[in-house]
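Enquirer: Below you will find the structure I want to go over with you.
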Amino acid sequence: MTNETLNIWTHLLPFWFFAWRFVTVLYVTDIQNDSYSWPLLVYMGTSCVYPLASSCAHTFSSMSRNARHICYFLDYGAVNLFGLGSAIAYSAYTFPDALVHTTFHDYYVTLAVLNTIISTGLSCYSRLGLAAGEAGSFAPGEELYQAGRNIFSSRRKSMLWGMALPSQSRLSFCLFLFPGESAQNEATLYHQKHTAITLLASFFYSAHLPERLAPGRFDYIGHSHQLFHVCVILATHVQMEAILLDKTLRQEWLLVNSRPLSFPQIAGAILLCLVFSLGNIIYFSAALYRIPEPELHKKET
């Protein structure tokens with residue numbers, strides 16, 4: 001057992017749970033004719049991708065120095081892809097009445113695509129700087145590292161942007177700015193819980209508690225990254241319940257008053273995100289191999 005063991009299993013087991021729920025929804029959905037359910041299928045598909053990618057990253061990151069960074073490049077891409085899936089579902093089912101048919105609603109998915117691409121790029125950029133700093137290649141390693149850590153803090157912000165932004169927009173506009181009758185349903189409490197758990201996950205991710213208070217006692221069980229994993233999975237589960245409720249309870253109103261996302265819009269957003277995010281990952285992965293290996297300190301004779 002290592003300090004990565006529970007990091008692997010806290011995402012691998014939920015992957016199978018989310019995959020089971022995804023297959024269950026697929027089984028009862030007429031995919032070809034039920035266009036109203038397409039955004040839900042995209043969301044549930046991406047909710048399976050990120051825990052699997054995270055579990056693989058924690059499993060294979062010890063293979064080599066470069067493998068470690070590439071695994072987390074892929075992890076960042078998967079997390080941000082899930083953010084896009086969440087945004088597509090929110091645009092389709094949970095947007096408050098007052099904002100339906102507004103410019104913000106019309107360009108919400110477009111903004112989510114940009115957020116996904118930029119967040120993935122900044123995350124990889126920051127880790128590349130970390131890799132250069134570890135290798136002692138301070139030109140440009142130190143510059144990259146400081147830019148990624150001090151200016152953007154991008155790896156942490158990408159998690160918050162990619163996973164919490166759709167929920168924050170939902171709460172900010174739906175709960176505080178006259179959401180309308182169709183949005184005032186049982187799903188509201190789930191959205192509140194989702195946001196609270198997401199913020200708690202961000203706290204554990206950045207604060208490194210409780211291991212900072214008792215170094216060495218939480219190396220295997222209970223350290224902040226494990227708590228972060230658990231909170232993220234709980235947040236996704238609660239979010240899924242909220243989206244399913246919104247989809248069901250608001251269907252009649254949305255079909256009359258909202259323009260559903262078309263297949264080209266959904267497919268285009270996902271494909272654009274995949275192309276640019278994979279491009280970022282490939283570019284930064286190749287850049288890793290241009291960083292010189294750390295020099296070994298030789299003993300003086």
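Every residue gets a Cβ built from N, Cα and C, even glycine.
Grabbed the feature section from TrEMBL, which reads as follows:
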TRANSMEM  12-28  transmembrane segment
TRANSMEM  40-60  transmembrane segment
TRANSMEM  72-95  transmembrane segment
TRANSMEM  107-125  transmembrane segment
TRANSMEM  265-289  transmembrane segment
Enquirer: Select the range from 40-60, 72-95, 265-289 that forms the most Cβ-Cβ pairs under 8 Å with the transmembrane segment (12-28).
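Expert: Maximum Cβ contact count belongs to 40-60.
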Enquirer: Based on Cβ pairs under 8 Å, which of the stretches 40-60, 107-125, 265-289 lies most in contact with the transmembrane segment (72-95)?
Expert: 40-60
